[in-house]
Amino acid sequence: MDIIPLPAFRDNYIWLLRTGHDAAVVDPGDAEVVENHLAEQGLALRAVLLTHHHADHVGGVGELLGRHRVPVFGPAGESIAGVDHPVKEGDEVALPGFPLRFTVLDVPGHTAGHVAYRAPGLIFPGDTLFSAGCGRLLGGTAAQLFASLERLAALPEDTALYCAHEYTLANLAFAHAAEPHNPARDEYAAACAARRAHGLPTLPSTIGLERRVNPFLRVREPGVIDAVARHSGQTPAGPEACFAALRRWKDTF
Ligand SMILES: [Zn+2]
């Protein structure tokens, strides 16, 4: 099975799963981008997976359903037109024709009903976790997002992370402020800058890499705690408070 990024809008990726001539897409915000790829490659769309209700993730569903009769999996806790298979924590998703099964994780925080789709060795976290960053709070709470990120960070370190946006370079600029001394992060930033200069995606990342470079997964590190304390004028009371302060800081960075 191949997993292909289809760039959409300014910085979204619609991830397309392909096995033989069968395809499935995750968060098709733009139907035309998907249709063009299906036509170019001679693929048949078999399923749609949705992580949350934002328009840049679900905007293409109506148009795709007009041309393809396929199941649409989406979060049970959010109201999204076209979803005929609402899913929640622990549910299993088998895609017609695909050799893998997804397990659904509830990962609220960016939105209140956000879900992620995990299969052995990979996960689609939507807008919950980005490379070197995380989603904004647009419906959920900092406590929810912190708990969701803790769950993702605990996945096996070689888990490939198919994030929904190419935000990595901007996130790395903030990561530098949030943790000034992190040589592994500096090395990663140089590699990402080179990839972007060649028009290549920085994704997928991995959970292990994010644990080393992503300040939002490093809220127990003294360097992050110190930076947050300097910025906010107050030493955070614990990891969750450090995360919340970091998230507020990034909102205005
Ligand atoms: Zn979103």
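Each Cβ is built from the backbone N, Cα and C atoms, and glycine gets one as well.
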Could you look at Asp2, Asp106, Asp127 and say which one TrEMBL places alongside Asp56, His57, His165 in the Zn(2+) 2 site?
Asp127
Write down the one residue from His37, His68, His110 that TrEMBL lists together with His52, His54, Asp127 as binding Zn(2+) 1.
His110
In the structure shown, with every protein chain counted, which of the binding-site residues His52, His54, His57, His110, His165 has the densest set of Cβ atoms within 10 angstroms of its Cβ?
His52
Between His165 (Zn(2+) 2 binding site) and His54 (Zn(2+) 1 binding site), what C-alpha distance do you get in Å?
13
Over all shown protein chains, what is the count of other CB atoms within 10 A of the CB belonging to Asp56 (Zn(2+) 2 binding site)?
18
Ligand 1 is in the model; which of the binding-site residues His54, Asp56, Asp127, His165 have a C-beta less than 6 angstroms from one of its atoms?
His54, Asp127
